[in-house]
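Chemist: Before I ask anything, here is the structure I am working with.
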Amino acid sequence: MTDNQEIKPKKLTLGNSKLSLNKSFDSLTGAQSFVNAKSKTLVEVRKSSTGSATTLSLNKERNSLDQTVIDANKEEFNRRLSILKKAAEQSQLNDPSKISTLSKLASINQSANSKIEPLETDKEVEQKQQNTEDNKVEVSAKIVQDDKDIPSQIPKKKEETFVKSPLVGMRTRYGIESEKELDKTADSKIIAPKIKLEEPKKIKKADLFNMLSDDESGSCRTRSLASIKRAREKEKRKLASQAPEKVYREVTIPEVIGVGDLANAMSERVADVIKELMKLGILANASQTIDADTAELVATNLGHTVKRVQESDVENVLISDDKVEDLRTRAPVVTVMGHVDHGKTSLLDALKSTDVAAGELGGITQHIGAYRVTLADGRAITFIDTPGHEAFSEMRSRGAKVTDIVIIVVAADDGIKTQTVEAINHAKAAGVPIIVAINKIDKPDIDIERVKNELYVHEIIGEEVGGDVMIIPISALKKINLDKLEEAILLIAEMQDLKANPFGSAAGVVIESKIEQGRGTLTTILVQRGTLRNSDIIIAGTAYGKVKKMTNDKGLEIVEATPSVPVEIQGLNEVPFAGDKFNIVQNEKQAKDIAEYRMRLAKEKKISIAPRSSLEDLFLKASGNSKIKELPLIIKGDVQGSVEAISGSLLKLPSDEIKLRILHSGVGPITESDVSLAHASSAIIVSFNVRAGANALTAAEKEKVDIRYYSIIYHLIDDIKAIMSGMLEPIVREQYIGSAEIRQIFNITKVGKIAGSYVTKGIIKKGAGVRLLRDNVVIHEGKLKTLKRFKDEVKEVREGYECGIAFENYEDIREGDTVEVFELIQEQRQL
């Protein structure tokens, strides 16, 4: 290749080593300087006035490459600045100092752009000079290894521009020291350079904080996450090596506590508690319970102090006192009592102008109802209607406990009856005022004075004769003297000064409860203090839950109930008993604890009152000859009060030989599980105002289970009494039928001794029972083997006739002995 040949420009490539360029250009001398970042050497390029076409083309390409690198660095700087701005926005920096830092970064960007623009103008001047030059360019490289000379040769303002020179990289790669060598090796060694822009480095958290810090020099250094992690692990190892100081606590121990609960209360390991129990000779796991004494020993051995509490303390949250200034006047609660069909429900119909009796079978109220009547003057009276039948005595007694006034209804044409006397006794026991309403005065031929005289016998003395009981003749059907009855109620209520606290948590009593399909458990309650609201947590007996819905006696939904207001609520988990007290608690955990405590008490009480079997009964039962028979029953009813009354009445039936066993009693229709239980135990299902479902009925027919339906309670009781009477053993009674005197003894071959006798009284029957008396002492009792009249066998011989008698398996008979004849008669027993 000759110098005159035209050398085609080829693309230059960068070498393996990375170069950082601090370039300065002198327009007068045509000198450029390059700095190698790795070797810290300075490469100085001097241009002469002469040049060639090859050099010019290389210079053009080099200038274009320099311009490309400058543009790339400019774009890279702008991109990094935008990243910093976004990071600052995402971290939501509200510090004004940080905002000022961003403004500083923006100013730095503007200054950098202003520094790059003059450099671009210098490149244009250099390009023009290179186009006019015709001489060769002498390239000499002066390597300066002393680092101290670099700052003096490189202008300070060019330090902020970082450019990688492709020429320096090419020379470093191929070992070219002069431009002549470059011309010689242009065809063989020079390769077109490829511009490789480095990917932007990922901004670290520490770099971001340094950039955004107030210290412009960046001297504030943050610790890396790895160093923080190492410091934390070191601190943990240091703490682990130190023995933790044990904390001793005051432990509250109830009557019974679980091993795991005791360990949690002391903040001890369960294994340590079990070890202490093993030292005491007790083997228990974490789920088992121990008594309070054992728990106290364990806690004391582990260094804790003990505070003993009674299990009944869980009910202390239900106790609250009312302040006098919070009391407000409330409506009176009146209970209506009396005998069957004396007009109690009709009286309520007249008072509240609704037909309640239409829904009652035969006019007999089957369960308690609570109603609120508002009078013309705006005052209200709450009535509780208790059934009059004797089977509901327990329900009636509960009604008397929650009432302020008792109205005893007596029919003028019927007078005082058994249930009337019982109602009087309940009212006296409750210590509440009594008003006697003599009903049905509209009927002819009545004698009110006779009724008053009967009341005097039971110490019910009217005001007209100096007593303290108001006796008012009324007619519920004709609505006669109802206003006088209302005035008497309000007068007594005013004298009693009835007040209650309407503030705070509600409390009261359960009137009735039942299960209705599609609605769940429905409970009728009477609020006695406080205000009951929706979503309150209520506990009644062993039942608890959240109040989901409240309706008043008219069927309207309400959101709160004040004292003396009866409401029906939904939301309890089970059916409470009529007469159970209800309270409001803070949360469901408290309600659950109280319910569990009450269930344990009821279970212990049931076990303690269970009848003990005598040794004789156990032997008889083991041998299969037990005289005690059982009648298993399953009772289902429409409301809890009816089921409870039926159970109580049946258990009171007197019988020493028949044990009535109620396997299950509940509210709601008969289910398949009831049928399965009845089949397994050979029980009778007694249904009161409920029916069996289709599936339960099919199962009962298949298993041949007896289901009996009733709608009146005393019919049910009479039927069960008849069944129990049929199970009783009949009474065997001896009936004397005659006697004979032995006058002569005959010995007959193959027959034995025959007593020739004379019938002195009654008749003698063959096969009847006989007693042989000698000197009025019974020496034998058996049966007649033979009865003959002369040589003929006869069935009986009457008084005044002679006969021959032979005894079964007995021949020690003498003349003068007396034979008594009797029959055994079985009689059916009744309860």
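Backbone N, Cα and C atoms are what each Cβ position is placed from, and that goes for glycine too.
Look at Swiss-Prot and you will find 329-499 tagged as domain 'tr-type G'. Among the features that Swiss-Prot reports, region 'G1' is placed at 338-345, with the record citing similarity to another entry. Marked as GTP binding site by Swiss-Prot: 338-345, 385-389, 439-442. Among the features that Swiss-Prot reports, region 'G2' is placed at 363-367. Residues or ranges marked as region 'G3' by Swiss-Prot on the basis of similarity to another entry: 385-388. Per Swiss-Prot, region 'G4' is recorded for 439-442, and the stated evidence type is similarity to another entry.
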Chemist: Which residues of the same chain, at least 6 positions away in sequence, have a Cβ lying under 8 Å from the Cβ of ILE441 (GTP binding site)?
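Modeler: Set apart from ILE441 (GTP binding site) by at least 6 residues yet with Cβ under 8 Å, we have ALA412, ILE448, PRO473, ILE474, SER475, ILE480.
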Chemist: If we count other C-beta atoms within 10 Å, could you say which of the binding-site residues GLY338, ASP341, LYS344 has the fewest?
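Modeler: Least crowded of the binding-site residues GLY338, ASP341, LYS344, by Cβ count within 10 Å, is ASP341.
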Chemist: Translate the DSSP assignment of ILE441 (GTP binding site) into the three-state scheme.
Modeler: coil
Chemist: Specify the secondary structure state of ASP341 (GTP binding site) as given by DSSP, simplified to three classes.
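Modeler: Where ASP341 (GTP binding site) sits, the three-state DSSP reduction gives coil.
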Chemist: Let me know the model's mean pLDDT on the region 'G3' (385-388).
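Modeler: Mean pLDDT for the region 'G3' (385-388): 62.
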